[in-house]
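Worksheet for the structure shown next.
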Amino acid sequence: MSSLGHVPTRVKSKRTEVRLGAERDHFDKQQLSSISKAINSTEIPVKEKHARRIILGTHREKGAFTFWSYALGFTFPSSSILCWKFCHVLHKILRDGHRNVLQDCTRHYSSMVEIGEIWGNLHDRYGQLVTLYSKLLCTKLKFHTKHGDIPANLEITDEELERAAGTDINNVFQLSVEVFDYMDAELRLAETVLRQLNSSLAMTTLTSSQCRLAPLIQVIQDCSHLYHFAVKLLFKLHACLPADTLQGHRDRFHDQFHKLKNFFNRAKEMIYFKRLIQIPKLPESPPNFLHAASLAKHVKPVVVIPNEDEPEMQDDDDDEPEPLIEVDSVTTSSVTTSRVQAQPQQVDIFDQTFGPPNGGFDDRDLQIETLKRELELLRAELERVKAEAQRYITQLKSQINSLEAELEEQRAQKQRALVENEQLRMELEATRRRNTEHESLQTTFIEAEKRAQATEQRYNKLKEKHTELVSSHAELLRKSADTVKMLSVTQQTQEEVERTKQQLTFEMDRIKQESDMKMEEQRFEVERVKRELEEKMAEVTRIKATLQSSEKTSEQINSSMTALQTEKERLMRSVSEKEAELSSLRQTAQLQQSSLQQERDKTSRELGELQGKLKEKTSQEEKMKQKLLEEQFALLQGTITEAETIIQDAIAKLDDPLHIRCTSSPDYLISRAEAALGSIDKVKKGHADYLRNMSDAGTLLRSLTQFSHLTADTIVNGSATAHMAPTDHADKLTENCRSCGTQSLLFLGEMKSKATLQKADPATIRIIIQKILHLGQELRPKGLDVRQEELGDLVDKEMAATSAAIEEAVRRIDEMMSQARKDTTGVKLEVNERILFSCTDLMKAIRMLVIASTDLQKEIVEGGRGAATIREFYAKNSRWTEGLISAAKAVGWGATEMVESADKVVLHTGKYEELIVCSHEIAASTAQLVAASKVKADRHSKKLTKLQHASRHVNEMAANVVASTKTGQEHLEDKDTMDFSGLSLIKLKKEEMESQVKVLELESMLDNERLRLGELRKKHYEIAGVPLDQLAEGNGETSSLVNPVTMSPKPLKPSLMKKPPLAQKPNIPPKNQFAYSFK
């Protein structure tokens, strides 16, 4: 008996070994089948059932050993599609497989790198994708191996992320960089896949396209978590580090944000993804990390995979699905159905002999009990989560209310800040103008001081030369006086004196000619010397005449001696004495002649020395002129360098993100462009003057300085104008500004070199600036195209048209009244009559207002035009005239629209809200007409008082229209009693949730509609006309207009010439600001 008791235990252990072996064989066979069907060279996407079985296999064996043992047997270099599908399956295993899969895959890291390198060297479309996918998987392995706290599917809570990042800011910094690298790898793969599909024009319904798109589901799941990690880490970094240090992180995040948003938007449009994955929606703009409160606005993107089982077609060799719960029963754990059918009798005999295993107690019952207990725990956990979620919802609602209050306060502060900003901007412009004038005056003063110093230096040099000439001239005069004395002594030396005089005259003429050619400034001095020499020559001539008279006297003496011949003997002794004296005189004359020769030689040597000194001074002057030319050219190069810096700074602002918030008006751009064209003409003239006289570059320097500033101003204002222009004009304007900067730099580069200075021409710059000027003229508001001569006629025409429109509106309302009495009865007739009567009263009030405005306008024209005609008065006060025209058009249009709306309301085809809005618009338009008329009216005018009374009457009638409309709407609306008595708690909760969803949808639609209303108003403000608060300023008068209180919630329309505010949300008033103003 004891031996029989041991038999079941031995048989049981043997049966367990057989069962485990059979299950292992079945598992291996099933894994091999799934891997071979999922990873092959056929261009179809991986089926979900095969991937699911492989993932379940990793959980069963707690690793990926079996997967890698089969995967390493594939010939990866033979097919790029095979490698692509292998990477896809591996990605799914890393995300959804057992946690030990990461360690098993890390062991084969080199194999994945080798696959990427093989296909990276081949030009194959799938090969490029395989290279990027292998890099992505390697990055994923390295990241999760380094950060073991973050699972491969990236699904962790914010608290776990905080623990993984740690408290060391350096670790947080490094983790953020690694998250960015991770995200870059994901986005590169997605962009390449989508680019290949776009280039091949493939349809997403084709299997070849789906084979490429299938891995992007895992990419979308990874990117949503990585985006959330990046936002959290960057907010944490900005809380600890200065903003400048993290500028690179912000730029990189912004780039990734726009790429990820583009990827998600394109994926949402594809039919393939719509049934497989619910892609989250990213915000319109990236978070503002510089504002810590923006973290509360961040919403974690959640990817939802719809719980839809794909229809799985059973293949010929498919096994039955693997059970998720292991069962110890032999009948339920059979290896295959065929094996169970082949041995039915053996199982029955064994059970009949030894009974069921475990003494009749099945392990499945134990597992069922365990699962029931877990289910109870999960239910309790679910209730706790629901309670916590409800508490969070309550907290978030209170936070939303506080944030809305804070938002309203911020809006008010923003309006005040805008007003202060505008005032500061005007003060800054005035300060800049004063600084510019001061700098120009200072520059002019410095240039004048430099010119004065140069003039003083030249004067000193001329003074020195003049002193030298005066001294040389005095010495020559002394020599000339000695010569004249010698000539007066004897006649024989006259010829020598004449030759010496001629030589001296020749030398002086030559010196004078050289001085005239090289020094024009010494001309007057040399002429004076020449006049003095001529005077000396006249004196010498007089001396010659005296000598001739002496000769005549000697002839007379000879004749007298002939007469006195008789006395010759008596005088012989005296003659002999005279002869002795004559011989002595001859000796004296010879001595004088020799001394004169010495003096002549000395004079010639001195003249040679003077000529040498003159040549030396001439060479010095040439050197000084050359130095002056070099200094002028160096000054020109410095000016050109500064001009290049100014223009380069203007070009840099085209791509400066901070400059995007800057705007400018087309009129200011036109003024800058015209000034730049004028500066180009000055540059051209200065260039020609400099080429004619390169010693004076002052004109060219001034024109280049003005050209650089005006061109840079044109480029900057062109870019600022493009920020508000339509897309086509903005692109053209930006491109022309960039071309203008480039051509200006090329022109300045040519001016900077002596080789290209001659051919430098700013004609290309002129053409581009003319294009910018043309674009600016196209961007000007069309309302300014009306000729000033037509304004007077337009005022009368518009006022007449407004009166006609009001008369037509009254007539149509009467017709509608008659028709309503025929077609309706009872409450509807009463409501229609009340509405039409109030509309008729409003039209009559508007007609009286128009008449009063016309009378006041005539009084203003007659009192202000003086001797001018009415048309000239309107042309002189063009802005005021345009305001009247705009207001009259608005009144006529409002009356027509009110009639149309009333007709639709009576016929029950329109909305009561349209009639209310028309009433508000008419009230606002009439207020605008009153304000436009009040600008130039006399404060004590009786007609102005009459106009104001008419305006108040219009407001009252408009309020009556609104009240009648709302009363009629309340009478005609059917208000059903809400009965919820038949609903259970669950149904009430469901109805409550549906109501909350509808409320959220309506609030979202309301916010979107408000944004659209704000944009429509901004566009309306741009093309409507000149605002009232600038009418008097345009006419050179001081305006006393205060913004009138209108019944419309929108503000006054801004001027066309005024620079619009920075891009921001429209200033939308609260919902009930004007909704019940007429009750």
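Glycine too: its Cβ is placed from the backbone N, Cα and C atoms.
The coiled coil annotation in TrEMBL covers 983-1019. Taken as a whole, the coiled coil (983-1019) shows an average pLDDT of 82 in this prediction.
Taken from TrEMBL, the feature compositional bias 'Polar residues' covers 546-565.
What TrEMBL records for 566-581 (among others) is compositional bias 'Basic and acidic residues'.
Residues or ranges marked as compositional bias 'Low complexity' in TrEMBL: 582-597 (among others).
Annotation source TrEMBL lists compositional bias 'Basic and acidic residues' at 598-619 (among others).
The compositional bias 'Low complexity' feature in TrEMBL is assigned to 1047-1062 (among others).
DSSP places the residues of the domain 'ENTH' (23-151) in helix, strand and coil in these numbers: 98 helix, 0 strand, 31 coil. Among the features that TrEMBL reports, domain 'ENTH' is placed at 23-151.
TrEMBL lists 783-1024 with the feature domain 'I/LWEQ'.
What TrEMBL lists as region 'Disordered' is 545-619 (among others).
As annotated by TrEMBL, region 'Disordered' applies to 1046-1079 (among others).
Sorting the compositional bias 'Basic and acidic residues' (598-619) by DSSP state (H, G, I as helix; E, B as strand; all else coil) yields 22 helix, 0 strand, 0 coil.
Residue counts for the compositional bias 'Low complexity' (582-597) under DSSP, helix first, then strand, then coil, are 16 helix, 0 strand, 0 coil.
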